[in-house]
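Down below is the structure, laid out as structure tokens.
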């Protein structure tokens, strides 16, 4: 295994799995997106829509009650389970046959939510993507890393990463700190940036797609949904991270001639995913 690898189209083709012509939505996998709080339901809309647009057969959103109408109207393809609380998640409780879970988008850090997240981590064994406020809660309770399932995928931007590992003086030191956590807990980190890097306990991967258009609100929520979808489709976690990051960046490259940088928004990532997939399989 190489210690460093650039993610280009050939690397993606080696990992991409064509969809069987006899498949059905059950085989395409059921993904759960857990998140949302009052005023931040857009994050769940983006993540869950990206999740189903990326190929998951079924997607359910677990959200506080205040978000039910928002998600059902915005993404009619996505099912909804609501928490008993109106404005934040206080108990994560569901009975579903799932293949993957993404948690954290727009979730907030209410004490009730932190307690619910802890109890969820103690019982969850499914492939997991951890983003946004779930990362921030982890950074305040670093010992909870030991509760994560093997190959859990953490998707921090630079500030979220700093809260998790502390400050660094160079890129080399940053990667070394991340690598230590990967080795200790068998994790995968998606270090969002320019370029985005993916780190596990064996290798570091550098993405080659994307541009400055991705520096927009909700871009990370969409990425979390894409990776959660690929996990639901039974991709190995490292391949889900690699393909997800590549597709996410590729949408910005494809859209640039039409919308430029400034006018590109997170919803454009979702709308361009079909073209990105076609670029891979052409």
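Glycine too: its Cβ is placed from the backbone N, Cα and C atoms.
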Swiss-Prot annotation, (6S)-NADPHX site containing 106, 157 - matching residue among 69, 186, 221: 221
Cβ contacts of residue 220 (AMP binding site) (under 8 Å, same chain, 6 or more positions away): 105, 131, 132, 155, 157, 192
Annotated (6S)-NADPHX contacts 106, 157, 221, maximal Cα-Cα distance (Å, integer): 15
Residues flanking the (6S)-NADPHX site, with Cβ no more than 8 Å from the Cβ centroid of 106, 157, 221 and excluding those residues themselves: 43, 47, 104, 105, 131, 132, 218, 220, 224
Per-residue Cβ crowding (10 Å cut-off), top of binding-site residues 106, 157, 221: 221
